[in-house]
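Copied over from TrEMBL, here are the features:
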- 26-46: transmembrane segment (TRANSMEM)
- 52-77: transmembrane segment (TRANSMEM)
- Lys115, Glu116, Asp145: UDP-alpha-D-glucose binding site (BINDING)
- Asp145: active site (ACT_SITE)
- Lys277, Asp301: Mn(2+) binding site (BINDING)
- Asp431: active site (ACT_SITE)
- 504-524: transmembrane segment (TRANSMEM)
- 539-557: transmembrane segment (TRANSMEM)
- 578-599: transmembrane segment (TRANSMEM)
- 633-654: transmembrane segment (TRANSMEM)
- 666-687: transmembrane segment (TRANSMEM)
- 699-717: transmembrane segment (TRANSMEM)
Amino acid sequence: MTDDNYLPLHTCHVIEPTATINRFQFLLHFCAASAVLYYHASHLFFAFHFHLVSLTSVSLAFIFLADVVFYFMWLLIQGFRYRPVSRSVFPERLPDDDNMLPALDIFIMTADPDKEPTIEVMNTVLSVMAIDYPSEKLHIYLSDDAGADVTLCASKEAYSLARYWVPFCKRFGIAVRCPEVFFNDSKIDQQDSDKEFSQERQKIKVMYDTFKEKIKKLKENKYSCATRFQKTRQEHPSQIEIIREEESNSTDKEDFTIPSLVYVSREKRIGVQHRFKAGALNVLLRVSGVITNSPYILVLDCDMYSNDPSSARQAMCFHLDSKLSPSLAFVQFPQEFYNISKNDIYCAEIRQIFKTFWLGLDGLRGPVLSGTNYFVKRCTLYGARPGGTSNSEEKEISRLKHKFGNSNEFCLSLVEKSKQIGYLYGSVVEDYFTGFHLHCRGWVSTYCFPSKPAFLGNVPINFNDTLVQNKRWNAGLLEVALSSHCPLIFGISKNFNWALQSMCYAWLAFWSVFSFPLLCYGIFPQLCFLNGISLFPEVTSPWFGAFVVVFLSSCIQHLREVFRSGRNLTTWCNEQRFWMMIGLTGQLFAIIDVFLKLVGISAVNFDLTNKTADKTQIKRYENGVFDFEGCSLMLLPATTLSLLNLGALIGGAWQMIKFNAMERLFTQFIFSCFILALSLPLIEGIVFRQDSGRVPPRVAFWSLVLSGSIILFMFIFC
């Protein structure tokens, strides 16, 4: 593919007029936000100069600090909006000879068969074994961090089924190669008229139903004793097994090559640091380096099944491009999900990240490594830099081969002793941390966002699991922000694109600090409104216009991004609500976790997201009803401030009417109404609901006590 006349494998263009509008809006918002900061700073100086310490001066101080944080985060987010791009791929232009395609190792990660249903994990395995890629060049590695017998046994059953499933998919060109999805698709039954296909489909369906029954019995037999499972999950020896089908006299199997499947369970010991997902990935790197050593690796979470069999060929449109490939580390696909409700009350789609921000990063140095759905070049994980090796390194590599084996990339990575091999430790968000270092070493990445989702997974469908997941992400990101690898200071260069890229990495790293301004705006305007104190300019003041411009500019920017993603006003409302709720829960407690780690009290844990759900939870989620069942006291700040805002709104409105202060307190009145609208699910869960999905009684009780105490204190002493 060195011929200058060959057709391009992919194209890229800047998304206009979005980029131009973003830059214009930046100038407008910058002027208005700067005016707001000046207003608060000048009034803060006046308040402390004449009134010393009072509710007014303290409130102004915290509001000013909150605005500084908002301003800082707003500046950082501009990197995502500077140059958004869109790409198209042409896999039909790849070489006709499949022998010219590189080998591919696929890593599938699972950690707990109770939280990650075994049948879903095996569906993911079967879906990637059947993708549209030469079977002899595909090698599947299943990492079982629980060391669970049921996963190993299920892997063997899945391999046996794959002997029939893979040929069936490739012979008939099946579009979706996840068995569970395929056999539940009623359209196939209604539209198909091919007798041979129907017969084969029915035969495979019987096999798949038998397979599911076997998995069900395996779980019942292996885990009748919960204590045994807990011990096995936390402490077990290493086990590596290349799955092979047991000898059978059956003659109805097809003579068809299927990808290899390797089960890997690393050793774990209580009290020994195992480095969470990064540790498991590094074990797979070492094991696969010895067995297959493919130059490219696809990493998938266990629930992310292959929805488009051409995804590997799409990724190779970038990796095999002669101009891009020498500096390309990985190709990132978006995370998309099959069980998102129409309303998506928990914003599980992560729309802002995958449909807006990553498009912007793709116009700079490329998207962030996102945990799953990415095709990475193996040598980049071994410490290599764009450009290859020098002659002086070749002798050292030859010597190392005698000790460590014949993997060129692995031995190359050992040449420089200071390098850390594989996925980086130091944060529970190993993907973000590793991707950041890849970009710092000079590598780039690309974002492939096809119209048909390449992979589909499932999302948490209750608020507690969503909260736990976001807390883990934010804690890991903040760990990086407060380390010597902070994106604002580490690897910084004079290159403009890299400066913008660093801003984007920094915005993600400091994501959790939104909890501070949200706390400030959730307390002080309400307390002042309750006491008839104005924190914002009167409606007739020229300064009022600056506040209006900042608010409208932020809302319009958000609305533009939502509409461009193909979503509607409901999505905008849900994202506003979720941003407030998660900022006062998951992000706030992520900061507390990191602080406790820094002072040596505790460590940040990798809390696995639960992928199971009962029928009641599913029904609430599909009906757009918040499910707070199982929520801990992490929900307390959000519920307390929601009740405080409600009380302040009632008391403040009475003050506004009594003293005819509509013009002076109008902004705070509208602000409290806005907060009330966003917090309605919390109010409903505390006051009106009696089902199991309501706010837990102990959380509701303490919320009423705390908010009531604050309001009572204000009436007595202020």
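In case you wondered, yes, glycine gets a Cβ from its N, Cα and C as well.
Worth saying up front: this structure is predicted, and the values here are computed from it rather than measured.
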Check: min Cα-Cα distance from Asp431 (active site) over binding-site residues Lys115, Asp145, Asp301 goes to Asp301
Neighbours of Lys277 (Mn(2+) binding site) among binding-site residues Lys115, Glu116, Asp145 (C-alpha cutoff 10 angstroms), in sequence order, are Asp145
About how far apart, in whole Å, are the alpha carbons (Cα) of Asp301 (Mn(2+) binding site) and Asp145 (UDP-alpha-D-glucose binding site)? 12
Among 52-77, 504-524, 633-654, 666-687, the stretch with the most Cβ pairs under 8 Å to the transmembrane segment (539-557) is 666-687
Counting only residues 6+ away in sequence within the same chain, which have a CB under 8 Å from the CB of Asp145 (UDP-alpha-D-glucose binding site)? Met109, Thr110, Ala111, Asp112, Ser265, Arg266, Lys268, His274, Ala280
Might you confirm whether the transmembrane segment (666-687) is in contact with the transmembrane segment (633-654), defined here as three or more C-beta pairs under 8 A between residues 6 or more apart in sequence? yes
Which sequence-distant residues neighbour the transmembrane segment (666-687)? Criterion: at least 6 residues beyond either end, Cβ under 8 Å. 345, 521-522, 525-526, 528-529, 534-539, 544, 547, 576-577, 580-581, 626, 628, 638-639, 641-643, 645-646, 648-649, 652-653, 656, 693-695, 700, 703-704
When you measure from the Cβ of Asp431 (active site), how many other Cβ atoms are you left with inside 10 Å? 22
Cβ packing number for Asp301 (Mn(2+) binding site), 10 Å threshold: 23
Among the binding-site residues listed here (Lys115, Lys277), identify the one with the smallest other-Cβ count within 10 Å. Lys115
What span in Å does the UDP-alpha-D-glucose site cover, taken as the longest CA to CA distance among Lys115, Glu116, Asp145? 13
